[in-house]
Amino acid sequence: MNDSARKTGCLIMATLCWGVAIPFSKMALPALSPAWLIVLQIAASVAVLACVAVAQRVSLRGIAAAQVAVVALIGMLEPCGAYYLGFVGMQSTSALHTAVLFALEPLGILAFNIVLFRLRVDRRLLAAGVVALAGVVVITLGDTSADAHASLRGDAFVLAGVMVAALYVSLSTHAVTLASATAMLLIQQAASLLLALVLLGVDADGGGGLQRLPAWSAAWPAMAIGVLQFALAFLFYFRGARGNASYWSAVVLNLIPDVGIVASIAILGETASPVYFAGGAITIGAALYTHLREHRAERTPASA
């Protein structure tokens with residue numbers, strides 16, 4: 001297997017990890033609060049990343065304190081900020097709706113790049129964004145089959161989480177990055193764990209926090225999901241994305257909603273109306289177009 005095929009395989013594995021984790025996280029929520037779920041998931045991931053760092057002999061020496069601080073602050077956005085909001089939303093919406101809303105992340109990244117970094121885009125990208133949002137409206141308002149386990153409130157929280165994840169990507173692209181992907185992930189997720197513990201402490205005021213420890217039967221699946229989507233997925237992604245064509249990374253990662261949809265139907269037995277699939281196709285297609293066209297525009301000046 002050549003290096004290009006190996007990197008593509010890593011990207012596909014990252015996509016599978018993130019997509020399959022959607023219904024499994026939904027399954028864990030009845031037994032755990034969003035705060036406990038995010039704490040257990042990130043804690044398990046940090047433990048695995050620490051072991052990987054030791055095995056790779058990763059050292060933080062030579063990294064300026066300011067760099068560590070910036071990486072840590074950005075890391076609080078994802079996984080903790082983004083996924084906590086997502087878990088709150090998933091309590092009152094379906095995994096199928098969650099999967100499609102994930103497709104809006106590339107559009108969120110584009111929007112933040114425009115607002116924060118004055119990125120110039122053509123009208124076709126903006127039109128694609130409007131089309132993608134229209135697809136979401138079709139799903140949230142027209143998918144009557146999800147009425148029993150979906151809500152506008154839940155969809156809104158999931159969408160907020162997706163936008164926080166988009167902000168994380170936008171800031172990460174323009175901020176400090178470290179030579180070691182493992183070191184960067186470990187710092188970011190350790191910072192996320194601190195924020196998650198704060199959220200758990202706040203949740204304790206309502207009686208659902210530290211005083212009520214989750215049963216082991218609920219804790220270990222949550223930890224396994226955390227290793228899957230926060231440790232393995234990110235490690236696969238960084239290994240596959242480095243030196244790979246950016247447009248191909250976009251194609252593969254935009255399949256996450258599709259994997260999430262299939263997994264939600266297969267694992268949870270969720271059902272959806274034709275309206276859902278029509279809206280999902282519109283949203284995912286528009287998001288993929290946006291991501292590919294944005295990367296194509298980035299490559300054009302370099303080739304001129």
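Each residue, glycine too, has its Cβ placed from N, Cα and C.
Whatever TrEMBL says is automated annotation, not expert-curated.
Remote same-chain residues near the transmembrane segment (9-29) are listed as 1, 37, 41, 86-87, 90-91, 94-95, 98-99, 102, 218, 221-222, 225, 228-229, 232-234, 236-237, 239-241, 244, 248-249, 252-253, 255-260, 262-264, 267-268, 270 (criterion: CB distance under 8 Å, separation of at least six residues from the stretch ends). Positions annotated as transmembrane segment by TrEMBL: 9-29 (among others).
What TrEMBL lists as domain 'EamA' is 11-140.
Beyond the transmembrane segment (35-55), the same-chain residues lying 6 or more positions past its ends with a Cβ under 8 Å from any Cβ of the stretch are 25, 28-29, 79-80, 83-84, 87, 182-183, 185-186, 189-190, 192-193, 196-197, 199-200, 202-203, 208-209, 214, 219, 222-227, 229-232, 235. Positions annotated as transmembrane segment by TrEMBL: 35-55 (among others).
Annotation source TrEMBL lists transmembrane segment at 62-84 (among others).
Beyond the transmembrane segment (96-117), the same-chain residues lying 6 or more positions past its ends with a Cβ under 8 Å from any Cβ of the stretch are 19, 22, 26, 86, 89-90, 125, 128-129, 132-133, 135-136, 139-140, 143, 146, 150, 154-155, 158-159, 162-163, 165-167, 169-171, 173-174, 250, 254, 256-261, 263-265, 270, 272, 276, 279-280, 283-284, 286-288, 290-291, 294. What TrEMBL records for 96-117 (among others) is transmembrane segment.
Annotation comment: TrEMBL describes 124-142 (among others) as transmembrane segment.
Long-range contacts of the transmembrane segment (154-171) within the same chain: residues 74-75, 77-78, 81-93, 97-98, 101-102, 104-109, 111-113, 116-117, 136, 140, each at least 6 residues beyond the stretch ends and with a Cβ under 8 Å from a Cβ of the stretch. According to TrEMBL, the transmembrane segment annotation covers 154-171 (among others).
According to TrEMBL, the transmembrane segment annotation covers 178-199 (among others).
Sequence annotations record features per position, and here TrEMBL assigns transmembrane segment to 219-238 (among others). Non-local neighbours of the transmembrane segment (219-238) in the same chain are 10-11, 13-14, 17-18, 20-21, 24-25, 27-28, 32, 36-37, 40-45, 48-49, 52, 79, 181-182, 185, 189, 253; each lies 6+ residues outside the stretch with a CB under 8 Å from one of its CB atoms.
Taken from TrEMBL, the feature transmembrane segment covers 245-268 (among others).
TrEMBL lists 274-292 (among others) with the feature transmembrane segment.
When averaged over the domain 'EamA' (11-140), pLDDT in the model lands at 89.
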